Amino acid sequence: MALRWSAVVARRKSLIKPVHKQFFGTSRPVKNGEFADIVISGGGMVGAAMACALANNALLRDKRIVLLEAGKDTGEFVVPDQFSNRTCALNPATVRLLSSFGSWQEIEGMRCFSALRMQVWESCADAMITFNNSDMSEPLAYIVENDVILAAIMQALKSKKDRVEIRYDTKATAFDLPGSGDSEEAKMPYVKLTLNDRSVLKTKLLIGADGTNSDVRKASGFHTINKDYDQSGVVATLMLGEGVSNTTAWQRFLPTGPIALLPISDTMSSLVWSTTKEQAKNLQALSAESFVDAVNDALWHDREKNAIAGRLLDGFKNVLNSVLPADGEGVRQLPPTVIDVVQNSRASFPLGLTHSSQYVRPRIALIGDAAHRIHPLAGQGVNLGFSDVACLNDMLTKAVSCGADPGALTHLLQYETERQRHNVPVMLTIDSLQRLYSTELTPVVIARSLGLHAVHSLPFLKKFIMERASV
Amino acid sequence: MNMRQALGTVCQCAKLARKINCQRLEGERFYGHSASRVLNSLRQMGFFESMISRGTYHQNIRHNSYTTMEEMTPEEKACKFQRPIAQTTIDEEEVSKFSALSALWWDEGGEFEALHSLNELRVPLIRDALVSKKTLEEYNIARPLDGFWILDIGSGGGILSEPLSRLGASVIGVDASEENIKIAQAHLIHDHAIRERVKYVNTTVEEIAKTQAGKFDAVVASEVLEHVADANMLVSSACQLVKPGGSVFFTTINKTRIAYVAGVLLAENVLRLLAPGTHDWEKFVAPKDLSYMLDKNQCVTRLLHGMFYNPLTKRWSWTKDTSINYAIHAIKAESSDQQNVWTTTAEQRKQESKD
């Protein structure tokens, strides 16, 4: 700060009062369009949760927050009798976030089911791993339908109507970012959004929660890593045969991709089957009976067993057993038998990996799928998104308590650093798991089955993995 | 502008020319950067101010007034150079001219990065000290400094004034450079939420102290003390301006060898965090000297903290060690007749020697 104390300008009268008058005299209405402090683009699960978290943040109560949603207002949500085919496994961290603004209580009032145990195994060898909290007291994850999650968040959001303005049928069609180009708008230090009704909205911070094909990300020009797995995820709601209790999440790795069953009621499970695109097409075209047979076959068949890997694994198990006696927990359970598929519950969607190298730039932040999309095999996608919400909310709290502009880069960068430190290792792990299990090559099968069994037998490693997956 | 500084500019220009010739770095980025460098170093030397004062000088000639500023009596100065207090009605041309410069001040990754990140320490320091004076009923979490008047000495581009006003305070920013005032106003004008709570005034602390003594709940001089010619004058003016019971905050650099190495050699010449010539070790003030000066002006030091800047993470943190940067918080005595021991004895001695 260069200060020159020699340049003297004198001033005799009172300073403050005339200043005030002058200021009040010139406060003119906002030119060209409205102004909001924070705009969230995209009212999906993550975007709505962001809006809800901000609405409940006491430090932001003077700020004007707008949520833009391209879809229509669906009105009052009534839980349908039929289960939706799209479900999520919510981890404890997500439950904590949703509880903080009352949405979790709403979900419990509607419909959710807890998975106490998880079993992962594969088709090429006998190795398997199980996860559960001690005594099966605490659920590993809650399986909730996407519609229910969204409705619960929207309900909590609507109770905060005075804090967040929700605009349905609204989408930004053009973005003018500060410091890009020479236009008159570029000199404006804020983000200017042109909406589909041609109105203009200016904001200090634009949060992009507009999904994998994020327009905010494209407008920001972030470098993005894209990978197509050349796979499709087939989803369906399955009816299970008589069993003890349906509290286990099952996942079996097949060379074509993992198949997973998530419990959603005592007799029903939600299917997520990642497989080749052709097989996905066939599965959707099959009759209900043939589809059920295909699912049962995928869960039970033995024809891909690798004899060498099997023998080596048996030897390894014996060695380990003599060192670490089995504690009785983590015994292999048999997967359930599927007896029927709910009508019209079958659907498929393409699988891919997307990661934006940057999540922020001045006045822009990406959250959820707009920043990262991963393979559904560990059920982590939406949980990462909700963790973004919690982290960005914390960073904004910090920024605002220091009087900083909410769009100031200093704090946004801290959000980016913290999230990438968590998200990137998770993405790498899941991507390498996907690669590891997509082959039938004998040495790989041996290595992965011995490795999996080793992890299964070492409680501290297992605990570490569970902790990583729950934050 | 004295000879040394002028020489410095010439050297810098020559250096830049050499760089451009030798390295042939591509792209506008480099040119833009070097241009901003030159601009900034000129500003650091007060080049713009001298242009401005020359401008006013010519104006005087045109108006058949031949008295120079130095010859004028304070009353005359007040009449001739009375500027509009806060230029809220900046014309568009002015705004676009200064918005380019304000982008320089407000680029959080640029020239003033360390000042931006210093807000993480100094804003909470000021906030928490002032908030503790409020009752629970008065406390508004979104605007904790509601109702407080704060004077920001050496407001520059408004990097500290704006955050303080966002917390609810009414802020007067004073800066002796007219250019800085305009830069700060060009940035402030866009923020509707706070622009009615911040006023930037182009004046000096001594002048403002004449009329506004005892009006402010807090007076802040952040990263200013090490730039002024007369530290005593600044401290006594600051202490005059604050209300009895109010707070005075200083953040500055200690006068130690390590401060010279870190604050001048490393920061200016090696890491290039600051433009060379920003700091002059001779002007640095040690905390015990500052504390003494505050004491003389009926302000009791409440807190002294060291501050450490990590050039890798580009963030500041509090530390016990005050040998480089430090922050000081002093409270003005409730009534002025509570004379301090130091001053009374000093005055007594003076009187005795006179007698």
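In case you wondered, yes, glycine gets a Cβ from its N, Cα and C as well.
These numbers come from a predicted model, not from an experiment.
Going by TrEMBL, these are the annotated features:
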| type | residues | note |
| --- | --- | --- |
| BINDING | B:R122, B:G154, B:D175, B:S222 | S-adenosyl-L-methionine binding site |
| BINDING | B:E223, B:E226, B:H227 | Mg(2+) binding site |
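Among the binding-site residues B:R122, B:G154, B:D175, B:E223, the ones whose Cβ sits under 8 Å from a Cβ of chain A are, in sequence order, B:G154, B:D175, B:E223. Checked against B:E223 (Mg(2+) binding site), the binding-site residues B:R122, B:G154, B:D175 differ in C-alpha distance, with B:G154 being the nearest.
Each residue contributes its Cα atom, and for B:E226 (Mg(2+) binding site) and B:G154 (S-adenosyl-L-methionine binding site) those atoms are 11 Å apart. B:D175 (S-adenosyl-L-methionine binding site) sits 12 Å from B:H227 (Mg(2+) binding site), taking the Cα positions as reference. The binding-site residues under consideration are B:R122, B:H227. Their Cβ neighbour counts within 10 Å are lowest for B:H227. For B:S222 (S-adenosyl-L-methionine binding site), the same-chain residues lying six or more positions away in sequence with a CB closer than 8 A to its CB are B:L118, B:R122, B:D152, B:G154, B:L160, B:F249, B:F250, B:T251. Counting other C-beta atoms within 10 Å of each candidate's C-beta, the binding-site residues B:D175, B:E223, B:E226 are led by B:D175.
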